[in-house]
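J.: Mind looking over this structure? Questions follow.
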Ligand SMILES: C[S@@+](CC[C@H](N)C(=O)[O-])C[C@H]1O[C@@H](n2cnc3c(N)ncnc32)[C@H](O)[C@@H]1O
């Protein structure tokens, strides 16, 4: 009896892309390529230069199982268990949000402030409220060895993941975690307070894409009735924990610029800048204590 021909790399990639297209997934080509490369542990160059190489049947089963998960709406990075953020590889877990490229806008906006504070003080104390996988704190820590960070979250699972990420990146000795709601577990003053809190209105969560609605933790999404609950809590105590010359950097939803600005102005802070993401949407705000 003739043996069935082994599946080749290019045939498998094509099959995955076609199934993702047929299922109406938004980025079928990218998803197929990333799942294939990461699962087989090969590079894009391998794929391009050795398209006719047969796929090991044991690995083929793993690729097929992952393809089925993607077809059921699970995002690629959740399936892989990690995602790159600001050039750092971050592990994910059940209670961590998958860090998004748009959040890098907030890191970029804070870079000049972090550099100025370190020039002036020789150190920079960072507080990341609602750290998730640690994205914001770890990105900022990676910029300068004189920076230190405290990261909070209400999720113990997220804090475990953030700590493991810090250790894996060699940043663990400058990174500490505290479990609790916003400022409740926090003591002391910080030069940069940063947060990407949950900011989606409760009523809108059911309308989000399945990737977000069913795979990002609700705790990371739900900002309450008007989406502003976390900003209210953070604005109420930010001034108590801001060192002289310090700033607050926040990610916001596309339609929250003026509401969040009003909350922080009422709390005695002044808006220094408002940043847009690559899609042209309002994405980040920076505040400092109002000098007036
Ligand atoms: C939108 S996610 C952001 C995660 C991460 N900072 C990032 O940018 O990828 C919001 C995070 O806030 C946390 N969170 C929700 N409510 C909180 C609270 N009351 N106090 C502290 N953290 C909270 C969630 O567990 C989640 O990790």
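These residue numbers are counts, starting from 1, taken along the chain as shown.
Cβ atoms here come from the backbone N, Cα and C positions, even for glycine.
Among the features that TrEMBL reports, domain 'Release factor glutamine methyltransferase N-terminal' is placed at 12-81. TrEMBL lists 118-201 with the feature domain 'Methyltransferase small'. If you look up TrEMBL, you'll see 130, 131, 132, 133, 134, 153, 182, 196 marked as S-adenosyl-L-methionine binding site. The substrate binding site annotation in TrEMBL covers 196, 197, 198, 199.
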J.: Among the binding-site residues 134, 182, 199, name every one whose Cβ is found under 6 angstroms from ligand 1, counting any of its atoms.
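T.: The ones that qualify, in sequence order, are 182.
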J.: Let me make sure I understand the structure: which of the binding-site residues listed (182, 199) has the fewest other Cβ atoms within 10 A of its Cβ?
T.: 182
J.: Here the binding-site residues are 130, 132, 134, 198; which one has the lowest number of other Cβ atoms no more than 10 Å from its Cβ?
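T.: Looking at the binding-site residues 130, 132, 134, 198, the Cβ with the fewest others within 10 Å is that of 198.
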J.: Which residue among the binding-site residues 131, 196 has the fewest other Cβ atoms within 10 Å of its Cβ, if you could check?
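T.: Candidates: the binding-site residues 131, 196. Fewest Cβ atoms within 10 Å: 196.
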J.: Non-local Cβ contacts of residue 197 (substrate binding site) (under 8 Å, 6 or more apart, same chain)?
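T.: For residue 197 (substrate binding site), the qualifying residues are 129, 130, 223, 230, 231, 234, 250, 251.
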J.: For residue 133 (S-adenosyl-L-methionine binding site), which residues of its chain lie six or more apart in sequence with Cβ-Cβ distance below 8 Å?
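T.: Expected: 83, 85, 90, 91, 92, 93, 96, 97, 98, 99, 158, 161, 162, 165.
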J.: Reduce the DSSP letter at residue 153 (S-adenosyl-L-methionine binding site) to three states and note it down.
T.: strand
